[in-house]
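Q: Encoded as structure tokens, here's the structure I'll be asking about.
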Amino acid sequence: MPGAQLTRTGILRMALGGGAGDPLLPAEGCGDRRAPFLLRALRIAVVVCLYWFTSIAMVFLNKYLLDSPSLRLDAPIFVTFFQCALTAALCLGLSLGAACGPPCPSLPALPLDAKVSCSVLPLSAVFIGMVTSNNLCLKHVGVAFYNVGRSLTTVFNVLLSYLLLKQSTSLYAILACGVIIGGFWLGVDQEGAEGTLSWTGIFFGILASLCVSLNAIYTKKVLPVVDGSIWRLTFYNNVNACILFFPLMMLLGEFHTLYHFDKLGDPSFWGMMTLGGVFGFAIGYVTGLQIKFTSPLTHNVSGTAKACAQTVLAVIYFEETKSFLWWTSNLMVLGGSFAYTWVKGLEMRKVQEDPNVKNSGRNETGV
């Protein structure tokens with residue numbers, strides 16, 4: 001699911017940057033620079049294509065599950081709950097499989113500890129807000145506008161870094177955020193002009209952007225509770241989410257909706273639900289692969305390019321016609337995101353080359 005993608009992306013970036021390993025990722029030796037250039041280039045191309053395919057396919061599949069006229073299932077919380085439950089089950093299944101086979105220290109056992117679960121609970125609450133708002137945004141806006149609708153994550157990163165972490169941001173990075181904000185509002189204006197604007201979708205898009213930024217901050221705080229293990233954190237986070245989703249589904253009447261859903265016994269429906277959950281689990285793995293074989297900076301650039309391709313594919317697939325200003329808004333968001341990534345990359349390089357500016361250069365939230 002989209003929210004899961006964002007969560008695992010943030011966790012993996014922080015873990016890989018801080019030395020923690022992901023049990024599903026190749027060891028450091030797998031990215032050996034001594035390998036022939038063509039082999040390394042082919043490996044990187046395959047990994048990037050795999051990331052693009054998994055991410056784009058997941059968004060389109062979730063759009064079908066959340067807002068398909070043929071499916072007519074108005075239960076977004078249940079869709080999110082099912083995918084979280086499947087992610088937790090896959091984590092547990094892989095861990096048990098590793099326990100039965102050769103010893104694998106990077107795949108730890110996953111006993112359910114109530115004390116650890118309670119410690120992870122604040123992050124789980126933010127996680128629920130993130131994945132739910134992401135899915136509700138996707139439900140109410142088109143896939144083509146989805147990237148713009150959730151484009152304020154970078155802006156919230158800068159804002160929360162200053163308010164909560166007391167970290168400053170360079171002028172160039174702030175200017176890049178200004179371009180993103182301008183593209184966002186132009187996109188909202190153009191959606192309104194075309195009669196396709198959903199203020200509900202915009203609200204949840206902004207909320208999703210905020211929750212993604214908060215998720216990075218809380219993840220940093222919670223990782224020590226699980227000994228820095230991404231594996232354990234993903235498991236506990238999704239187990240907690242499943243428990244907390246139950247009262248939400250009751251409050252919103254989704255059990256009643258499911259009772260009257262005419263495709264509840266249809267194997268093809270459950271096949272699509274399972275496929276969505278598998279994609280949601282896989283996106284964390286392929287995100288880690290892309291970071292591992294390239295770099296966090298290249299991953300950000302690849303994600304920006306992927307968002308552009310996703311927008312174009314959505315316009316073509318749904319046979320939509322968009323105005324010049326609508327496309328301009330997308331280009332502003334993508335250009336601002338790329339510029340921010342480029343500026344942060346230059347700042348990080350400067351910090352690495354000049355230890356004297358290291359303390360002043362720490363202004364990342366990890367997203």
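A Cβ is built for glycine as well, from the same backbone N, Cα and C atoms used for every other residue.
What TrEMBL lists as transmembrane segment is 41-65, 77-100, 112-131, 143-164, 171-188, 200-218, 230-249, 269-289. Taken from TrEMBL, the feature domain 'Sugar phosphate transporter' covers 43-340.
Where in this structure would I find these features, and how exposed are they?
A: Across the domain 'Sugar phosphate transporter' (43-340), the model assigns an average pLDDT of 89.
Beyond the ends of the transmembrane segment (112-131), by six or more residues, the same chain brings 1-4, 6-7, 80, 84, 207-208, 211-212, 214-215, 218-219, 221-222, 225-226, 232-233, 236-237, 239-241, 244-245, 248 to within a C-beta distance below 8 angstroms of the stretch.
Note on the transmembrane segment (171-188): residues 145, 148-149, 151-152, 154-155, 158, 197, 202, 325-326, 328-337, 339-340, 343-344, 347 of its chain, located 6 or more positions outside it, place their CB under 8 angstroms from a CB of the stretch.
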Q: Cβ under 8 Å, sequence separation of at least 6 from the ends of the transmembrane segment (41-65): give me the contacting residues as numbers and ranges.
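A: Contacts of the transmembrane segment (41-65) (Cβ under 8 Å, skipping residues fewer than 6 from its ends): 1-2, 5, 35, 71, 73, 79, 135, 138-139, 143, 146, 272-273, 275-276, 279-280, 282-283, 286-287, 289-290, 293-294, 302-303, 306, 309-310, 313-314, 317.
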